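Beneath this line is the structure, given in structure tokens, with notes to follow.
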Amino acid sequence: MSQSVCILGVTGSIGQSTLKILQQHPEKYSVFAVTAHSRILELVEICKQYRPKIVVVPANKVAELQQQFQKQDLNHIEILIGEAGLIAVAEHPDVDVVMAAIVGAAGLLPTLAAVKAGKRVLLANKEALVMSGDLMMQAALDYNAQLLPVDSEHNAIFQCLPDGYFQAERNGQPKQGVSRILLTASGGPFLNHSLEQLQNVTPAQACKHPNWSMGQKISVDSATLMNKGLELIEACHLFAISEQFVTVVVHPQSIIHSMVQYVDGSTLAQMGNPDMCTPIAHALAWPERIQTHVPALDLFMNHQLDFQEPDTTRFPALKLARQAMQSGGLAPAILNAANEVAVAAFLNQAIAFTEIPQVVEQTLNQVENSAAESIELILQADRVARSIAQQIVINNGS
Ligand code: NDP
Ligand code: MG
């Protein structure tokens, strides 16, 4: 029987890579629902090719979409609207697999809805897990959801962990012979820039990643190393491991996608060409394997593997994220919200690249932390942190 797939964020980089895999395996998967936010023409093209039953767009895009559907004879496709629509498709009874590929906090409620509906959830939207950590993981257990990591590092770690690791106790200690997780980082486009050079980098330069082609927000996060900070928090939650057991390793070639070390001295690594289609295909088909177009690694071509420690003086975002994880409670949600505001401000050229971590740090200092007891509290912290970060951006600019 073919699996019915819902892609949250289909017009994005991960959404497109997901379609590529589904297209290669039409007998295994069908596209049931897709969602978009601003790229309506791209969405219409996707609808022409994949014929989903339902699409979701924000209220201000409905008229444009209806017009396009009329023109293209796609009126049979149901249109749902806004956050309620995103949640409805994520938990829809006819959906087996949800690809959570909306960027940022906007993906939290739909991703959580998919988890609570007991779906197989392919998690790309790391911000959702960073914000809601324990609640999301507990919901996955309570509702029997399969929360599978798509982020390449976490997918690599997942592949290197022993079978059954997820059924084990979630107490922050590594178990089943695991001693440490090595989370690899490419270091981004400015790995060798001085602090002075970093002050003047442009959004276009920040979005040009050396190894990966990704959406704008995660590209900037990769350049500040906040992406690695978010991933550190993501790893702690996914693998129920305290942050002191996760070491970040800069590996500029992005051939090793992360590693797991064991008490007997073994280090297992997952390697491959840097293409998100591999982790997406892995999470989709797990525990089976399916074909992708990604060529196998040619070790005679890619023979250089370098490793170094991250420099948290030039890239303080990583340190801030680690501290937020240590503080716990709402701190990761506050960090994430402030970072989203700061990255948007940098992309709009309202602040300098080096001000991104400053905005995050100042926001963390100004918003009170408390236990992340409910989604409402988390969303409230998100709102408060956004408005304070926005104010800091405005003050910095004046
Ligand atoms: P993109 O910016 O390319 O795509 C984001 C998607 O989310 C688009 O479909 C966009 O719609 C939609 N979207 C944006 N804002 C909203 C909103 N407010 N409400 C609903 N939908 C919205 O991002 P990526 O595909 O690069 O990344 C998606 C997620 O996956 C991120 O969390 C990222 O960190 C994670 N990830 C990405 C990787 C990559 O290689 N790209 C690797 C690992 C993780 P539209 O385009 O129509 O505006
Ligand atoms: Mg990653």
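For all residues, glycine too, the Cβ spot is worked out from N, Cα and C.
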Among GLU64, GLU78, GLU231, GLU243 - the residue TrEMBL places in the same Mn(2+) site as ASP151, GLU153: GLU231
Further binder of 1-deoxy-D-xylulose 5-phosphate named by TrEMBL next to LYS126, SER152, GLU153, SER186, SER222, ASN227, LYS228, GLU231, taken from the candidates HIS193, HIS209, HIS237: HIS209
Same-site residue for NADPH (record: TrEMBL; known: THR11, GLY12, SER13, ILE14, ASN125, GLU127; options: GLY187, GLY188, GLY215, GLY229): GLY215
Cβ-based isolation winner (fewest other Cβ atoms within 10 Å) among the binding-site residues THR11, ASN125, ASN227: THR11
Fewest Cβ neighbours within 10 Å, where candidates are the binding-site residues GLY12, GLY215: GLY215
Composition by DSSP (helix, strand, coil) of residues within the domain '1-deoxy-D-xylulose 5-phosphate reductoisomerase C-terminal' (147-239): 43 helix, 12 strand, 38 coil
ASN125 (NADPH binding site) - helix vs strand vs coil (DSSP): coil
ASP151, GLU153, GLU231 excluded, remaining Cβ within 8 Å of their centroid (Mn(2+)): LYS126, PRO149, SER152, HIS154, ASN155, LEU183, ASN227, LYS228, GLU234, ALA235, SER258
